[in-house]
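I have placed the structure first, in the form of structure tokens, so that the comments after it can refer back to it.
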Amino acid sequence: MAVLAALLRGGARSRSPLLRRLVQEIRYVERSYVSKPTLKEVVIVSATRTPIGSFLGSLSLLPTTKLGSIAMQGAIEKAGIPKEEVKEAYMGNVLQGGEGQAPARQAVLGAGLPISTPRTTINKVCASGMKAIMMASQSLMCGHQDVMVAGGMESMSNVPYVMNRGSTPYGGVKLEDLIVKDGLTDVYNKIHMGSCAENTAKKLNIARDEQDAYAINSYTRSKAAWEAGKFGNEVIPVTVTVKGQPDVVVKEDEEYKRVDFSKVPKLKTVFQKENGTITAANASTLNDGAAALVLMTAGAAKRLNVTPLARIVAFADAAVEPIDFPIAPVHAVSMVLKDVGLKKEDIAMWEVNEAFSLVVLANIKMLEIDPQKVNINGGAVSLGHPIGMSGARIVGHLTHALKQGEYGLASICNGGGGASAMLIQKL
């Protein structure tokens, strides 16, 4: 090293071409190392959600943006910070038709945040809520902001029907349901998402009775979780005001109570009449709800004297053929585990969104993970699936359900063949 140092101190003319090249490379490496940025640690300091309402049920009088406002306000109050500390917000929302301009902006102002608070509405279909958390985390990691709110919201009860613009054709007009058109249809194969799931069931040889059994287990787990108070730290009550009537306070998810197990094996299949496997019982339902998390850098948490609940460890997106969307989480999860050097055995709890029972069974089968660690308190089949909310809901639930030091991995598929996954660690 001393000889090399002496050579480096020598004049340029005394160096051979090879040595000059070596000097340049060493200096380049040194500059690169010194200037390499360090990402900030991002923590979750609160995670709340509304109860999930059934389609045209208890929350149907509230628009998407109002549900978003309630979830945001609840998360900020739980965090115990002034609203002025929130510097930006991202909210997932899929079915935006008829909601008015900039739904996330409406939610932000409805929650009482300052007029100067920037906001962005995220649409990654069912993964929208999780993607909002991912994008907020990236902004915090790079130091662009230090306190943010992120989550997702959806009122499927309030999604309108639409008709094409133009002259009225002979025979009348045709109305289309935007829930189906913009939320539940594979635009590439021109089929319902359920038909895509049937394709996966056939490929992986996952029978109807397996899916029915999984659905019954989901309902059983959700009921047990509510009775044991497992959702107490995340669900905030929602007051619904009806003119001329007493206010109604909604405190619990509505969907898990609406099941008759004796009818589950008798239901007709919905998407494939012959040899089909998917029914109304083993698929998720149409629902209303919102979830929000307050995220900040570890430095901001210290500055604000806030105790973090969990830290964001890693996240990833993946994509496959659109028709194969049910297995896309397999790839996103694998990317996350590879990035952080963990094995599936290191994960204490898994949340795999139950768009269909088939989705969870397919991911358990392909990832070879322990079913007893997956969706231990139920999932979208029994709790409900407001599509813009669900990705945020499962991250928020892990935040509360994990024990100190444990890792939890949430994943969710989305239309078009995509998926998102996020790894957190309880603090």
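Each Cβ is built from the backbone N, Cα and C atoms, and glycine gets one as well.
Keep in mind the model is a prediction, meaning the values are calculated, not measured.
Positions annotated as transit peptide by Swiss-Prot: 1-33.
Here Swiss-Prot flags K78 (among others) as N6-succinyllysine, drawing on similarity to another entry. Cβ contacts within 10 Å of K78 (N6-succinyllysine), excluding its own Cβ and spanning all protein chains shown: 19.
The local packing around K174 (N6-acetyllysine), expressed as other Cβ atoms within 10 Å of its Cβ over all shown chains, amounts to 10. Sequence annotations record features per position, and here Swiss-Prot assigns N6-acetyllysine to K174 (among others).
Mapped onto three states, the DSSP output places K174 (N6-acetyllysine) in coil. As annotated by Swiss-Prot, N6-succinyllysine applies to K174 (among others).
Sequence-distant contacts of K190 (N6-succinyllysine), defined by Cβ-Cβ distance under 8 angstroms and a gap of at least six in the same chain, do not exist. Residues annotated as N6-succinyllysine in Swiss-Prot: K190 (among others).
In three-state terms derived from DSSP, A281 (K(+) binding site) belongs to neither a helical nor a strand segment and is classed as coil. The K(+) binding site annotation in Swiss-Prot covers Y219, A280, A281, A283, V381 and is backed by similarity to another entry.
Residues annotated as CoA binding site in Swiss-Prot: Y219, R258, V259, D260, K263, S284. D260 (CoA binding site) falls outside any helix or strand according to DSSP and counts as coil.
Per Swiss-Prot, N6-acetyllysine is recorded for K223 (among others), and the stated evidence type is similarity to another entry. Just so you know, the Cβ of K223 (N6-acetyllysine) picks up 16 other Cβ atoms within 10 Å once every protein chain is counted.
As annotated by Swiss-Prot, N6-succinyllysine applies to K230 (among others), with the evidence given as similarity to another entry. In the shown protein chains, 19 other C-beta atoms lie within 10 A of the C-beta of K230 (N6-succinyllysine).
What Swiss-Prot lists as N6-acetyllysine is K230 (among others).
Positions annotated as N6-acetyllysine by Swiss-Prot: K251 (among others). Cβ neighbours within 10 Å of K251 (N6-acetyllysine), excluding its own Cβ and spanning all shown chains: 10.
Annotation source Swiss-Prot lists N6-acetyllysine at K263 (among others). Neighbours of K263 (CoA binding site), defined as other CB atoms within 10 A of its CB across all chains, total 11.
Annotation source Swiss-Prot lists N6-succinyllysine at K266 (among others). Sequence-distant contacts of K266 (N6-succinyllysine), defined by Cβ-Cβ distance under 8 angstroms and a gap of at least six in the same chain, do not exist. K266 (N6-succinyllysine) carries a helical DSSP state (H, G or I).
A sphere of 10 angstroms centred on the C-beta of K268 (N6-succinyllysine) encloses 8 other C-beta atoms. Residues annotated as N6-succinyllysine in Swiss-Prot, with similarity to another entry given as evidence: K268 (among others).
The annotation N6-acetyllysine is assigned in Swiss-Prot to K273 (among others) on the grounds of similarity to another entry. Neighbours of K273 (N6-acetyllysine), defined as other CB atoms within 10 A of its CB across all chains, total 8.
The active site, proton donor/acceptor annotation in Swiss-Prot covers C413, and the record cites similarity to another entry as its basis. Counting only residues at least six positions away in the same chain, the Cβ atoms of C126, A127, F325, P326, I327, A328, P329, N353, A355, V359, A419 sit under 8 Å from the Cβ of C413 (active site, proton donor/acceptor). Secondary structure at C413 (active site, proton donor/acceptor), as computed by DSSP, is strand.
In the structure shown, across all protein chains, V381 is the one of the binding-site residues R258, A280, A281, A283, V381 with the greatest number of other Cβ atoms within 10 Å.
Other Cβ atoms within 10 Å of the Cβ of Y219 (K(+) binding site) number 21 in total over all chains. Take the mean position of the Cβ atoms of Y219, A280, A281, A283, V381, the recorded K(+) site; other residues of that chain with a Cβ within 8 Å of it are A215, S218, V259, V264, T279, N282, S284, T285, S357, S382. Cα of K78 (N6-succinyllysine) to Cα of V381 (K(+) binding site): a distance of 28 Å.
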